[in-house]
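Student: This structure is in structure tokens; I'll ask about it shortly.
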């Protein structure tokens with residue numbers, strides 16, 4: 001391809017607080033938990049509960065977790081996202097694509113709104129939105145679409161855009177996952193695929209996230225040639241009292257040893273960037289959970305982050321839209 005009209009690329013992810021303090025985290029959680037895509041309870045009931053109980057308690061507890069993983073460059077999610085941006089920009093440059101890549105967060109900073117403004121200020125003639133959620137869910141990819149649409153509402157001129165809905169069975173994505181696992185998985189380890197959960201009620205309302213997770217898992221399992229007793233699939237990070245997608249990751253790990261699973265490797269294919277939910281919850285809390293309940297060894301297989309195959313996959317998704 002030759003250089004022509006300038007395109008804008010939005011690498012969209014969930015977001016992060018600006019600092020690991022209760023105040024900053026409370027502000028971030030308010031934005032996150034008041035999005036009806038995430039929590040669809042009646043506002044008259046949800047908001048008072050959120051303000052009076054949930055935010056004060058969760059902000060203090062989560063602050064300690066963030067402080068344990070915070071870096072000089074900010075949260076791991078933000079630091080790695082910046083690296084992804086630079087790497088994707090470099091890849092597109094090698095493909096002779098006239099592009100400007102921006103990272104954009106649904107909640108927190110840099111916001112999707114500010115990223116869109118940056119692109120339009122630099123006179124891009126087309127925008128490609130890539131939510132870094134391989135498996136579609138209304139509460140993640142759907143929320144990115146809402147935020148992007150709201151950002152465009154403020155503009156009189158509507159530039160053409162493409163929105164990448166999902167890539168859960170994209171060949172390059174599956175190969176990147178399989179290769180990442182292959183170089184780390186030991187022959188005697190059980191492989192657990194852990195995905196972020198959603199309320200079961202959302203699935204009953206039409207969200208097909210679980211099916212996307214299954215399709216990703218089966219594609220990777222087939223690529224690796226694993227047998228039925230060598231792998232499992234669970235869902236993590238639930239909160240609140242209602243039922244979420246099951247089986248739950250923490251409950252599975254508590255009882256794994258009783259199922260003769262002594263050595264385990266956990267991968268989280270739905271996370272494109274390592275963050276609080278993988279570093280603290282999976283690599284620390286669930287490691288402790290598994291080992292204290294009779295497990296012998298536990299390894300967390302990192303997110304694809306800035307692996308070359310991951311960046312190349314992103315680039316090829318962009319190139320497909322330009323073909």
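Cβ atoms are placed via backbone N, Cα and C, with glycine included.
Under the heading Fe cation binding site, Swiss-Prot lists 196, 277.
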Student: Pick the one among the binding-site residues 196, 277 whose Cβ has the fewest other Cβ atoms within 10 Å in this structure.
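Tutor: With the binding-site residues 196, 277, fewest surrounding Cβ atoms within 10 Å: 277.
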Student: Specify the secondary structure state of residue 196 (Fe cation binding site) as given by DSSP, simplified to three classes.
Tutor: strand
